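Undergrad: Take a look at the following structure, please.
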Amino acid sequence: MSNTYPASDEFVADAHIDAAKYEEMYSASITDPDGFWREHGKRIDWIKPFTKVKNATFDFGNVDIKWFEDGTLNVSANCIDRHIVTRGEQTAIIWEPDDPKAPARHITYRELLEQTSRMANVLKEHGIRKGDRVVLYLPMIPEAAYAMLACARIGAVHSIVFAGFSPDALANRINDCQAKAVITADTAPRGGRRTALKSNADKALFDCSDKVKCLVVKHTGDQTTWVDGRDIDLKAEMAAASPYCPYTEVGAEDPLFILYTSGSTGRPKGVVHTSGGYLVYAAMTQQYVFDYHDGDVFWCTADVGWVTGHSYIIYGPLANGAITLMFEGVPTYPDAGRFWEVCAKHKVNQFYTAPTAIRALMGQGTEWVEKHDLSSLKLLGSVGEPINPEAWNWYNENVGKGRCPIVDTFWQTETGGHMITALPGAIPAKPGSATKPFFGVVPEILDPATAEVQTGTAAEGVLCIKESWPGQMRTVWGDHERFMETYFSQYKGYYFTGDGCRRDEDGDYWITGRVDDVINVSGHRMGTAEVESALVAHEAVAEAAVVGYPHDIKGQGIYAYVTLMNNVEPTEELRKDLVKWVRQEIGPIASPDLIQWAPGLPKTRSGKIMRRILRKIAEDDFGALGDTSTLADPSVVDELIDNRMNRA
Ligand code: WT7
């Protein structure tokens, strides 16, 4: 039995959902999904109310997912306009800049309406229409929120590219979704340093159609190049634009955004989320999972470049009329107390971050936490990877002071919102377990080999979802076949998460990590195939195999086995060069932590690389390599073990 941590009686008394309510609502959501979501679909404003609720099939070959399909709405109006009468002067967004000495900003719902409208009008003037794609490559600044909501306002589809991605990665995404415009900024301050976003965008646009416009937020005022006729000074045009823009009516199933994410094969795929179901799901999970109450200050530390930022900085909180905090900086600048300083400064009530950040701060000692008044905190959240017991305990004791429930939220870019998570007033936390499914979510554990459903309470296997939920992705942009192939082909009739999972005797779920060739580096998802193709694109590299290995802070580190071209000398110089190369090709988050020179890779006689063996060696756990007799040349394994880079 693992320890469980129920919320205090006071917390439960005030919570939206207690244990009895969870049971009742969960059961209703499963036995009568149409009735349940017909009711909860009303939490947002519809222009034309829906009459149909759920219409989804997971049948391989015919996968088709629709929610509220005959309803119409506008997402921006739901996140802004409908709050104007009741809370126009209330803060919508608290913006905390990178530099702690620079002033924070409080943006009211009224101001959000004006700025979003101005930006929407600028987009319209430059020919952006309903259905057009706009790529956002921005720092964590209010303009990022305005840009998302401005696109939504006119029915355009945004696709945010994390500002840490390289020009190449940016160009690939602009081209894949055939964006008409890119919105970027001059430079992005983070941790006291600056990333040259505009200059990266310039490089990217070199590889794109010359029709793509570049709207530039002059944020720092740093000098940039300027291409007349293509580059647009966004703030200047916003100042001159009309302060009101009417919103466009869109269908529930019209796309709201595309977000590229890594898979086990090929290039990142454009995950498509649509308008109605996504918004209902993001808003409902934000309210219930974080037990958000009117007037609370909610802080999700993610970047808007990831889905967590979409659902829990922007869409969920704003649809609920919440106060959401947006932070431009990093947890360790100017010192390791910055998160806690910001919590104290803005009296944050719910704080949501990733285990990798907790582990990094844990290593700096508790004095950084103790310096700041954290009495405003009511709840803590975790996301991105399983949280290890040391990090959980540290978070609970030092940040939550033992009185804040912790919600460990399992979900994915594809799921739009939380899937398996405690509801703080209803389900006691169990360190390391994401605990129970959210309303409408039907998890099943399947045997990875036979695809048999594990019916016992205690079970282990791969995690699949049996029924659609409103926040689910609808397709891969431009490639529905790939959508079906990736998520619905391996386990017929199910959505396959790609994660391994255990269910304990209490029916609580424990995510055990990816079972495919996707690794989780600091809570960021990376396809090993992507890193490999970046490496082999280097002239010195003949072949590369990439695996994850346990890393104290990042969760998983990137371990690359590299076979060099015949005449190339393996030097320290070249190793550094390869790291730099991958950073340039993909971005800093893909930098290999360890590169091992591999004269040969373990392959089957048919030439397939045996990653299982490479993973074991990278884990420094080569005692149990399993059967190596099917290898074409078993001797390469000894060589790799002798020269392994990770020695615990
Ligand atoms: C993968 C999804 C949407 C969250 C941010 C990452 C892992 C995510 C947890 C958790 C254990 C988790 C899974 C999942 N993951 N949250 N609470 N416990 N694992 O989104 O980049 O789409 O990655 O992150 O492996 O499949 P993502």
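Keep in mind that glycine also has a Cβ here, set from the backbone N, Cα and C atoms.
Quick paste from TrEMBL:
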- Arg190, Gly191, Gly192, Arg193, Thr308, Ser522, Arg583: CoA binding site (BINDING)
- Gly384, Glu385, Pro386, Asp408, Thr409, Phe410, Trp411, Gln412, Thr413, Asp499, Arg514, Arg525: ATP binding site (BINDING)
- Val536, His538, Val541: Mg(2+) binding site (BINDING)
- 22-79: domain 'Acetyl-coenzyme A synthetase N-terminal' (DOMAIN)
- 83-468: domain 'AMP-dependent synthetase/ligase' (DOMAIN)
- 530-608: domain 'AMP-binding enzyme C-terminal' (DOMAIN)
- Lys608: N6-acetyllysine (MOD_RES)
Undergrad: What is the one among the binding-site residues Thr308, Thr413, Ser522 whose Cβ has the most other Cβ atoms less than or equal to 10 Å away?
TA: Thr308
Undergrad: Using a 6 Å cut-off on Cβ distance, which of the binding-site residues Gly192, Thr308, Gly384, Thr413, Arg514 come close to any atom of ligand 1?
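TA: Thr308, Gly384, Thr413, Arg514, in sequence order.
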Undergrad: Fill in the CA-CA distance, Thr413 (ATP binding site) to Arg190 (CoA binding site), as an integer in Å.
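TA: A Cα-Cα distance of 24 Å.
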Undergrad: At 10 angstroms around each C-beta, which of the binding-site residues Arg193, Arg514 has the fewest other C-beta atoms nearby?
TA: Arg193
Undergrad: Which one of these binding-site residues, Val536, Val541, has the sparsest Cβ neighbourhood, judged by other Cβ atoms within 10 angstroms?
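TA: Sparsest of the binding-site residues Val536, Val541 by Cβ contacts within 10 Å: Val536.
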Undergrad: According to DSSP, how is the domain 'Acetyl-coenzyme A synthetase N-terminal' (22-79) divided among helix, strand and coil residues?
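TA: Residue counts for the domain 'Acetyl-coenzyme A synthetase N-terminal' (22-79) by secondary structure: 26 helix, 11 strand, 21 coil.
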Undergrad: Any idea what the Cα distance is from His538 (Mg(2+) binding site) over to Thr409 (ATP binding site), rounded to a whole Å?
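TA: Taking the Cα atoms only, His538 (Mg(2+) binding site) lies 39 Å from Thr409 (ATP binding site).
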Undergrad: Neighbour count, 10 Å Cβ-Cβ cut-off, for His538 (Mg(2+) binding site): what number do you get?
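TA: Result for His538 (Mg(2+) binding site): 19 other Cβ atoms within 10 Å.
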Undergrad: Taking the centroid of the Cβ atoms of Val536, His538, Val541 as the Mg(2+) site, which other residues of that chain lie with their Cβ within 8 Å of it, listed in sequence order?
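TA: Result: Ala534, Leu535, Ala537, Glu539, Ala540, Ala542, Glu543, Ala544, Val562, Leu578, Trp581.
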Undergrad: Taking only same-chain residues 6+ apart in sequence, whose CB is under 8 Å from that of Gly191 (CoA binding site), what do you get?
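TA: Once residues fewer than 6 apart are set aside, Gly191 (CoA binding site) is near Asp98, Gly329, Val330, Thr332, Tyr333.
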Undergrad: Which binding-site residues from the set Trp411, Val536, Val541 come within 10 angstroms of Arg193 (CoA binding site), judged by C-alpha positions?
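TA: Those close enough: none at all.
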Undergrad: Given the binding-site residues Arg190, Gly192, Val536, Arg583, which lie close to Gly384 (ATP binding site), meaning Cα to Cα within 10 A?
TA: none
Undergrad: Out of Arg190, Gly192, Thr308, Ser522, Lys608, the recorded positions in the record, which is closest to Arg514 (ATP binding site) when you go by Cα distance?
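TA: Result for Arg514 (ATP binding site): the nearest of the recorded positions is Ser522.
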Undergrad: On a simple 10 Å Cβ count over all chains shown, which one of the recorded positions Arg583, Lys608 is most densely packed?
TA: Arg583
Undergrad: I'd like to know which of these binding-site residues, Gly192, Gly384, Pro386, is least surrounded, judged by other CB atoms within 10 A.
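TA: Selected from the binding-site residues Gly192, Gly384, Pro386 on minimum Cβ neighbours within 10 Å: Gly192.
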Undergrad: Could you give me the DSSP helix, strand and coil counts for the domain 'AMP-binding enzyme C-terminal' (530-608)?
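TA: Each residue of the domain 'AMP-binding enzyme C-terminal' (530-608) counted once, the result is 24 helix, 27 strand, 28 coil.
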Undergrad: Which residues in the same chain, at least 6 apart in sequence, have a Cβ under 8 Å from the Cβ of Arg190 (CoA binding site)?
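TA: Asp98, Pro139, Glu328, Gly329, Val330, Tyr333 - these are the non-local Cβ neighbours of Arg190 (CoA binding site), listed in sequence order.
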